[in-house]
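Quick notes on the structure that follows.
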Amino acid sequence: MIRVAVTGALGRMGSNIIKTICEQEDMEVVAAIEVPNHPKKGEDVGELIGIGKIGVPLSTSDELDKVLKETKPDVLVDFTIAHACVETVKIATKNKVKLVIGTTGFTEEQKKEIENAIKENKVSAVISQNFAIGVNIFFKTLEFLAKKLGHYDIEIVEMHHRFKKDAPSGTALRAAEIIKENREIPSEYVFGRYGMVGERKKEEIGIHALRGGDVVGDHTVIFAGDGERIELTHKASSRQAFVNGVILAIRFIVNKEEGIYNTFDVLGLNDIKF
Ligand SMILES: NC(=O)C1=CN([C@@H]2O[C@H](COP(=O)(O)OP(=O)(O)OC[C@H]3O[C@@H](n4cnc5c(N)ncnc54)[C@H](OP(=O)(O)O)[C@@H]3O)[C@@H](O)[C@H]2O)C=CC1
Ligand SMILES: O=C(O)C1=N[C@H](C(=O)O)C[C@H](O)C1
């Protein structure tokens, strides 16, 4: 059995991840962690998320080191918030726990802190801004489009629910990075536009974040030329799309001793070249 700890256990992603792990034959939840001073600390997490008793009490992140030493997970899954994730990674890697990280909104400095902790402690991790299989195919398609239409005007539009804390989404930023890496001309990110912006430069990649309602996650990349345009869109209608990828990532990383991987590694998409 793969022993899994989940941080952000009562969150939109964490709670669905716990539910789905409980449905798998080869893995079990051994620890579920929330913010310090959580009013439900000690209560059964299964009952808190509506699936009935699972025998795992809710723990809090101020006791993470102790919880990991007691429960000995193979893998920790983190879908929380950037600053919290950095601290979790430092503690988990010291305890030699492997990682699946889905949290977004990191600064460049936070990304380095996470990478250093993983490398210094010689553990393995999957880090991905989007675990949905469809989004990873969307990313792969973008490699092709950026190679062929990198000289077109490229704009990225994302929409998410009103509760999302970071903007633009990690997925939109990864899409921009893929375009930058694959087009022949240099790139300059432009976050929204306002006022007398003047003529659009070829190098620009416009990135626009919309927020509202209960939208799970929509991403569109527009390649606009003279007399035509291509719009590539992915729409997630259920968080289960992300959760299914997380389950694959847990099975993948448990067999890796050391290194930082992404969802292309998990899904075997690295060998597809255009
Ligand atoms: N990579 C991917 O495929 C996906 C990534 N995400 C990302 O995952 C993250 C979480 O999203 P979502 O589930 O919607 O957010 P939620 O706010 O619903 O869940 C986050 C949970 O983490 C808790 N939390 C905060 N700090 C800590 C801590 N130190 N230790 C333990 N738990 C903590 C929060 O508690 P409290 O509310 O009390 O602060 C909350 O319950 C975001 O960064 C989002 O962008 C989301 C979907 C897919
Ligand atoms: O916060 C969310 O909800 C999501 N976050 C991820 C992101 O920032 O890209 C992935 C997904 O779009 C949902």
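Just so you know, the numbers here start at 1 and follow the chain as drawn.
Here the Cβ of each residue, glycine as well, is placed from N, Cα and C on the backbone.
Curation plays no part in TrEMBL annotations; they are all automatic predictions.
Residues or ranges marked as domain 'Dihydrodipicolinate reductase N-terminal' in TrEMBL: 2-131.
The annotation NAD(+) binding site is assigned in TrEMBL to Gly8, Ala9, Leu10, Gly11, Arg12, Met13, Glu34, Gly102, Thr103, Thr104, Ser128, Gln129, Asn130, Phe131. The Cβ of Arg12 (NAD(+) binding site) lies under 8 Å from the Cβ of Phe163, Arg239, each on the same chain and at least six residues away in sequence.
Under DSSP, residues within the domain 'Dihydrodipicolinate reductase C-terminal' (134-267) fall into helix, strand and coil as 48 helix, 39 strand, 47 coil. Sequence annotations record features per position, and here TrEMBL assigns domain 'Dihydrodipicolinate reductase C-terminal' to 134-267.
Annotated active site, proton donor/acceptor per TrEMBL: His160, in sequence order.
Among the features that TrEMBL reports, (S)-2,3,4,5-tetrahydrodipicolinate binding site is placed at His161, Gly170, Thr171. On its own chain, His161 ((S)-2,3,4,5-tetrahydrodipicolinate binding site) has Arg211, Gly212, Gly213, Asp214, Val215, Val216 as residues at least 6 apart in sequence with a Cβ closer than 8 Å to its own Cβ.
Residues or ranges marked as active site, proton donor in TrEMBL: Lys164.
Among the recorded positions Leu10, Asn130, His160, Lys164, Gly170, Thr171, the residues whose Cβ lies under 6 Å from any atom of ligand 2 are, in sequence order, Asn130, His160, Lys164, Gly170, Thr171. Of all the recorded positions in the record (His160, Lys164, Gly170, Thr171), the one with the smallest CA separation from Thr103 (NAD(+) binding site) is Gly170. Secondary structure by DSSP for the domain 'Dihydrodipicolinate reductase N-terminal' (2-131): 52 helix, 31 strand, 47 coil.
Shown in sequence order, Thr7, Gly8, Ala9, Leu10, Lys40, Lys41, Leu58, Ser59, Thr60, Ser61 are the residues of the chain, 6+ apart in sequence, with a C-beta less than 8 angstroms from the C-beta of Glu34 (NAD(+) binding site). Cα to Cα, His160 (active site, proton donor/acceptor) and Gly170 ((S)-2,3,4,5-tetrahydrodipicolinate binding site) are separated by 11 Å. Cα to Cα, Ser128 (NAD(+) binding site) and Thr171 ((S)-2,3,4,5-tetrahydrodipicolinate binding site) are separated by 9 Å.
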